[in-house]
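Annotated features in Swiss-Prot:
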| type | residues | note |
| --- | --- | --- |
| ACT_SITE | 120 | active site, proton acceptor |
| BINDING | 26, 30, 37, 38, 102, 104, 105, 120, 191, 192, 216, 234 | NAD(+) binding site |
| BINDING | 37, 104, 105 | nicotinamide binding site |
| BINDING | 128, 131, 153, 155 | Zn(2+) binding site |
| DOMAIN | 1-248 | domain 'Deacetylase sirtuin-type' |
């Protein structure tokens, strides 16, 4: 019953907003089989974050690709879950204007979301660190799996996934901040809200007088600022919100 009441409240807040956005983190993709980073079964419990740093990539590109090709393969095998499709549906209904994500799996776009800001890049693309030529990561992954220890461009440059590694600047942060400044409601979904500067996006909306809904399995540093904090499973909760929105539409 509590889930139903929470979902109805979120539906009402979305319907009463003019410019709502979603801000998503790794937690939205765990139901797709992708581990998050900082949770009990998170990626950084198994590996050192150093492996995903630009310094490590530059010093040890062979070891980096050995690590990242395994991660890349698991991401390619993942499919969008009901939460991704729910956000795409909310955008199609005109109820959210953008999805700002920390994820590199590309699942929001696969699910049908159009206006997606990928702050940490997209692992489905790779590029040459010398000439900047773009590559399909599936092609690069196939080469690594066939034994190419360090995948290289035709020019000889080392290829790199088009993702933001630790020590690199975030993609599109100013565009994300512009969108946040124009928003009156943000749904922070599946994010620990600990990674700067991405974690400033929900705060911008809140500081401008907008609403903040946090949907996450673990506590976050911003729970105290939120209008609603929800601990339900994301892939179950968001479709429930859609159902309530449709019900409220029918009754109005």
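The backbone N, Cα and C atoms fix where each Cβ goes, glycine too.
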Express the distance between the Cα positions of residue 128 (Zn(2+) binding site) and residue 26 (NAD(+) binding site) as a whole number of Å.
-> 27
Across the domain 'Deacetylase sirtuin-type' (1-248) the predicted model averages a pLDDT of 93
Reported as an integer number of Å, what is the Cα distance between residue 191 (NAD(+) binding site) and the residue listed as 'active site, proton acceptor'?
-> 13
Rounded distance in angstrom between the Cα atoms of residue 104 (nicotinamide binding site) and residue 131 (Zn(2+) binding site) | 23
Spacing of the two Cα atoms, residue 131 (Zn(2+) binding site) and residue 216 (NAD(+) binding site), in whole angstrom, works out to 40
Alpha-carbon spacing, residue 105 (NAD(+) binding site) to the residue listed as 'active site, proton acceptor', which is rounded to whole Å | 10
Tell me, if you would, which residue among 26, 128 (binding-site residues) has the fewest other CB atoms within 10 Å in the structure shown?
-> 128
Spatially closest candidate among 120, 153, 155, the listed recorded positions, to residue 26 (NAD(+) binding site) (Cα to Cα) = 120
